């Protein structure tokens, strides 16, 4: 039996070696193609091309990495799609979209990866982007990835980006309008040939940007814009009506546009069985199961209802670690303990912390951080964040261990619930985030103390991270804390400062989303880092403004900072202390009310108006009133509030632009209609 297993293992390893060899050859060919492209491009064109990559360091995750981290397709899976009549019809079309929907954990990303690497015609230029919630979830990122890959494979098409690049420079990648224009022009070029754009996980695209994405995808199939281009889109997402409904306009032109995988559940379930069989073979070798026990275990697993690829992944991790008796009764006993759904699997992973309330509190803190972060934290950043609390007075109080040791500790806390790739921390799957979060719109109440399902609100998660960021930034107000250059010179570890950039960039947004109460302990600490006279302020404010691509203003009051971020509790405290409501910054002449209105912070605007803020004060930069700023940025609630306070609808800036003109010019229809009604 051992000899047989060894032989099977050798065959499997040989098969893996061949597959790896094929992948390596493909990568070498692609790299050779890219090297040849570089030789053809001028230095200016190469600079433009690399701009679309959006990464500044070799450690940054690229769009290619997000595809490569998806698991490979198991043989005999995805056949429900590959043989589907609509897919075959779409392949034979010259242009058109195809939407593939399926339930969570049913292998949409695996399918997308397989199609990109193997399943789509090699004669076609294939570009792709895998949306990832909170990480790469913007239309800007998607367009830059598609253009970078397109220009890598078709270098001569870079000419369509050059006019805009010469005009906007590095700002080109910040304008989705310009990026769409470049993409449309490149696709229409006969040199492009047939092009397929694969966009995976549309449901993870930022909600505020999804409508714009679909409107532009739809417009690309209008004959006057497509020209002679041969463009196809392959899109995957969950079967959400708000996404699927966006395609109804295209149904007349493309009646076979949608392949609903959720209606193929029986076929997909049968394909999941192939994965179970493969994993059983691997488990059998590892645990030396007899053929009878192996067959019995396989049969029992395939009898489980509602099984998905994700469920299989979680269950086999459990089975590999379990020390079950190698008998039929032993198999039946372990089967009885297996989770019946993905949610049960998640609960089982996290419930091991219930026995120790201290560990449970630590795990809750870690999960709250991952829920709230605007981007995935690195291990170093997470290490610092997990060590911050109210007992820490100075930055050198942080009891940090080596990142590799911390990684092991994080794994022991959270198990498979989190994954670590490229030194960054993620949830295992989008369903893990949904498992934790309480849906406040749902009539169900929060779970009991001992359950993880729907146990954390978005506000609670932001409150945890806001507190950590504010506490961390306050370290730099201490006379004992040394600034970075001095600290490094003194021989202290740089690791303590890895959380500085994230805190400087995001503390304001987290504090606003946390909906902090007036008497919360964090309010006076937030007030300290808003004080322009503090050491912390000069550090984080400079870092934030540099990343925001704006000139640092020389004069900002603490009320301006709190108003800019929309910190209602801090604004209220400052107003009660007599802060100057009409102060203006030296560079742009904006008041606290102007800053709050420009950023859509209704609560802060209301407080400032209650304390006598002048609604008609114009800034010195453009001559805009608070109403003009709110209208230009489409903040309907703030516009309505200012109008109720008598704001002048016909006020003109230095360029004779009214609030109505600014709203219309920026595409804010609801605001434009509101202003139009008021001006009559």
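Placement of Cβ uses the backbone N, Cα and C atoms for every residue, glycine included.
Record features, source TrEMBL:
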COILED    8-47  coiled coil
DOMAIN    76-238  domain 'Nephrocystin 3-like N-terminal'
DOMAIN    268-333  domain 'DUF7069'
DOMAIN    360-439  domain 'GPI inositol-deacylase winged helix'
REPEAT    554-586  repeat 'ANK'
REPEAT    588-620  repeat 'ANK'
REPEAT    622-654  repeat 'ANK'
Can you tell me which parts of the same chain pack against the repeat 'ANK' (554-586), counting only residues 6+ beyond its ends and a CB-CB cutoff under 8 A?
508-509, 511-512, 516-518, 520, 523-524, 526-527, 530-532, 537, 541, 592-593, 595-596, 599-601, 603-604, 607-608, 611-614, 617, 619-620
Could you give me the DSSP helix, strand and coil counts for the domain 'DUF7069' (268-333)?
51 helix, 0 strand, 15 coil
Which residue counts does DSSP give the repeat 'ANK' (622-654) for helix, strand and coil?
16 helix, 0 strand, 17 coil
Do any residues of this chain, six or more beyond the ends of the repeat 'ANK' (588-620), have a C-beta under 8 angstroms from a C-beta of it, and if so which?
512, 553, 557, 559-560, 562-568, 571-572, 575, 581-582, 626-627, 629-630, 632-633, 635, 637-638, 641-642, 645-648, 651, 653
Could you put numbers on the helix, strand and coil content of the repeat 'ANK' (588-620), residue by residue per DSSP?
16 helix, 0 strand, 17 coil
Secondary structure composition of the repeat 'ANK' (554-586) [DSSP: H/G/I, E/B, coil]:
17 helix, 0 strand, 16 coil
Mind checking how the domain 'GPI inositol-deacylase winged helix' (360-439) divides into helix, strand and coil residues in DSSP?
47 helix, 10 strand, 23 coil
